[in-house]
Every structure is written in structure tokens, then in C-alpha cells.
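S.K.: What TrEMBL records for 282 is active site, proton donor/acceptor. Residues or ranges marked as domain 'Serine/threonine specific protein phosphatases' by TrEMBL: 278-283. If you look up TrEMBL, you'll see 6-39, 74-107 marked as repeat 'TPR'.
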């Protein structure tokens, strides 16, 4: 009877998956596994649903369980390879792709994924061989921006004596809206300037919002340029009297990451003390290679420019404190208790994120409803409960935290008794999630969050250059 019920639950889960209701699909697969915990197919199916919701750590665990039950189950190897690819564990993925190709030599899709993964492993090995952190020169040292020529036929926006102005920014946004490319000389000038500016900032920014003022806090934008323009349409352009904080994950996934990040960098240069940017887990080399930004920059400009973007991203601050009461970071809190604001100030952030520790947690962790900590659904950092949040806030004399990093159906979510707020600003994420987006107003007078929701606007139909689309296909097989 349990086996029959398990089959029924699995069928219901498959129906939810077809409707792209992955959360309910996961629920039904879980119920099927409770009835029949030794069914490799159910673990494999739930692994795919976890991949769809970007819970790569859970997807990896389920694929591994499937193979523990049946070491000859080829889909299990395929799912585990897909999960490891998403986590940047390319050697482990390659080993499983090799198994799939050996058993299914005529499977073109598996062979393509094996070849692409093998290429990444070799590329990474080459990069390690030539890397020398001590002697590594900045891209800036090899640029000759002064002698870059702006051709007569270029009619787009130009910096005024090398500086960003409001006139330039308005022209730039219109230019990008028409799907036109900023001249490379101007792009390089902006990147060099913003790197210089960001490198002088601490890892923890501290700002004061006056009683009569407010600040707007936005979450992930992920290359959704036309939705970014809509934020400015709804909420006004950034200015000295209309400050903004964008909380990481500016790039990847969407098709217009270059346009988003250059627009944000432009406003940072124009209003350095009233326009704030924090680093997200997607402002990193591994994620940019997998999820589109590296390919987009190389297609629109050059590999050298991507290297400069990478250098700039490493200088993005990690967290920001408002009026000594509200702490904002992209991911969340820490794998261990006892972390103080002074500890955050001391983080040496000019690097690719480590696999553990406070810097990793700030970019990667997620809240959970139950007390304590648990293994991350993403396979990186941890999940932290309301008791962890409460202890951190009490130790650091804070009221609450604001973070992003997760798609929310309503664009925001309030958890941990109001002490942990998530805001996500990419509506209809990846053109398929159907979620609303939101931004937050915080007023200096009371620091109570006011949520403003919005929905996606039309955009040109340009496919993102997501390397993971060809590799992951989110585990389809």
C-alpha cells in the first residue's frame, strides 16, 4: 500500500513540476520518499526540483542518496554532476559526466556537457599554473585609455572631461534602453574610476539617515535592466536627496548585466556618498563564468574588460549599517556565534570569497524558521535560525537585518519575528518565476521598513549568455 501511495505522490509531484510549481513538487516527492525511502527515482526527481529552485546543496544530497540506493542508476550520476557544476565543483562533476558518457556513448547531450565541463577543468588548471598573487598586475596597468580613439560615427554618451555627470547618466540610460553599446573608452574610464573609489571604502560602511530623510534599499537585480529603469521610474532617479542602496547580485542570469552594472557604477561615481553598492555572491568569478556575465562582457567588449570587472567586484563593500541600528548584507548571518561589527570591518575583501568564514557567510547564508543552524540548501555557508539572529542583534546592539539573495513570491519576506527581512528586486526572475519584486524605504525618524512592490516590465527578447543553461539545463535528462 505504501508503494502504491508513493507512486501516487510521485505522479502528483511530476504534475506540479510540469506546471513549474517546484515547491509543491518537492513537497509531494518528500511525501513519496516518506512512504518509500529506498526509491532512487524519487530521490533523483526531487533532486531535479531542487535544482530548479537553486537549492544545489539539497540537489547534490538527493542525487548522492539515489546512487547509494542504486549505483547503476545513470540519472543519479547526471543529477550529481549537474549539482556539482552549479556549486563550481568541476572535477567532481567531470567524474560523473565521464560515467554517464561511458554508459551512454551515443547520448549527444551528455557528451556535450562532458566536453564543456572538461574544458572548464583544463582552463582552471591553466589559470592556477600561471597565477601568482604576489606578482599579479592589475588590468589597469596594461590599459592605455588616453590613446583609445572614439570614432566619428559613435554618437552615444561621452564622459565630460573623464567625469560622470547627470546629463551623461540620462543619456546613458536612454542609449542602453535602445540596446546600444557604450564606447569601450568610456566603459574603461568608468571602471578605473569606480575601482579607485571602492578601494578606499571599508568592508563595513556606516551611514546616518537624518530624521527627515529616507533611503531606498533594493535587492537582487540580476541583469534585468528594464526592471532597473522601472525602479527609477517608480521611485525617482538617485540624487543627493534620494539615496539608494543596491544589495548585490547586479549581474548574471539576465541578458543586460553590462547595462545594469555600468548604470549602477555611473550613479556610484556621480553620488559617491548617497548611492551605495554591496557585493553579492554573483559578483565573483565562478558565478560569472557559470551564469552569464563573463560571456556577456566578452561578447559586448573583451576578455580584458571582464578581468577589470572582476578586480572592481573584489573591492565592493560587504555590508552596510544604517544609524547604528540596521545591518544590511546580501546573504545573511554567520556559521558561528560571536561575530562583531568590528570583525566585519577587518575583513580583507579584495579577493574571491573563501569557502567558509564571515565573508562567505555574508554573501551566501540564508535564514531558516527553526532555531539553530543547519547545512545550507545551497551547499555553501549555512542556514541560521531566529535564535542566531537574536543573539547577533543583541551582541551588536542592532534592531534587525535586511538581506536579499532569495526569490520571494511577493518581492519581500519578514521572518524571525521581524528581525530578518529579505528584499528581492528582480520581478519574474529569469523570465519564468512569476514573482513580484520590491524595494524598501527606510526613514531616519523611525527606521520602520516600508515595502513597495512592482511587477516585471516588457524587455527585448535577448537570451542570456548563461553558460549554465547549456551545462545545467537544470538537470534535464
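Cβ coordinates come from backbone N, Cα and C, glycine included.
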S.K.: How many other Cβ atoms sit within 10 Å of the Cβ of the residue listed as 'active site, proton donor/acceptor'?
M.R.: 26
S.K.: Could you please provide the mean pLDDT value for the domain 'Serine/threonine specific protein phosphatases' (278-283)?
M.R.: 98
S.K.: Please work out the helix, strand and coil residue numbers for the domain 'Serine/threonine specific protein phosphatases' (278-283) from the DSSP assignment.
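M.R.: Residue counts for the domain 'Serine/threonine specific protein phosphatases' (278-283) by secondary structure: 0 helix, 0 strand, 6 coil.
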S.K.: Helix, strand, coil residue numbers for the repeat 'TPR' (74-107) per DSSP?
M.R.: 27 helix, 0 strand, 7 coil
